[in-house]
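Q: Input: one structure, supplied below.
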Ligand code: 5GP
Ligand code: ZN
């Protein structure tokens, strides 16, 4: 998608602070961090949101989760724990229409999500 900000990061058209990358997934620091550690785990294929997953592309979810495990080790938050968030669509507060998982750590989150 030519006008997608995350596709531009994947293509190297926009710089990012990359933490981890493989053939299928890229992980970079959020430009506006909501926690001491805040990275975005993003599939390289353009999928609009969680709702755009289907039988053809669902395998990417396993790849995203594997990348999360690599990332939390790299960032040293795997032992203490962290929060994973996916916003979906307008009511979910999704602002970038390219599937991404937020991984947040380096602090203690409360019990409540909202
Ligand atoms: P959403 O609200 O869609 O779940 O999350 C989008 C996230 O992308 C936000 O936390 C926002 O700060 C981050 N973001 C938006 N544009 C850029 C960018 O150009 N670079 C980086 N690194 N993060 C971005
Ligand atoms: Zn995209």
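One-based numbering along the chain as shown.
Heads up, the Cβ atoms here are built off N, Cα and C, so glycines get one too.
Predicted, not measured: the structure shown is a model, and the values here were computed from it.
Here's the feature list from TrEMBL:
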ACT_SITE  100  active site, tele-AMP-histidine intermediate
DOMAIN    5-114  domain 'HIT'
MOTIF     98-102  motif 'Histidine triad motif'
Q: May I have the DSSP-based helix, strand and coil counts for the residues of the domain 'HIT' (5-114)?
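A: Each residue of the domain 'HIT' (5-114) counted once, the result is 31 helix, 24 strand, 55 coil.
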Q: Ten-angstrom check, please: count other Cβ atoms within 10 Å of the Cβ of residue 100 (active site, tele-AMP-histidine intermediate), all chains counted.
A: 24
Q: When the pLDDT values for the domain 'HIT' (5-114) are averaged, what is the result?
A: 97
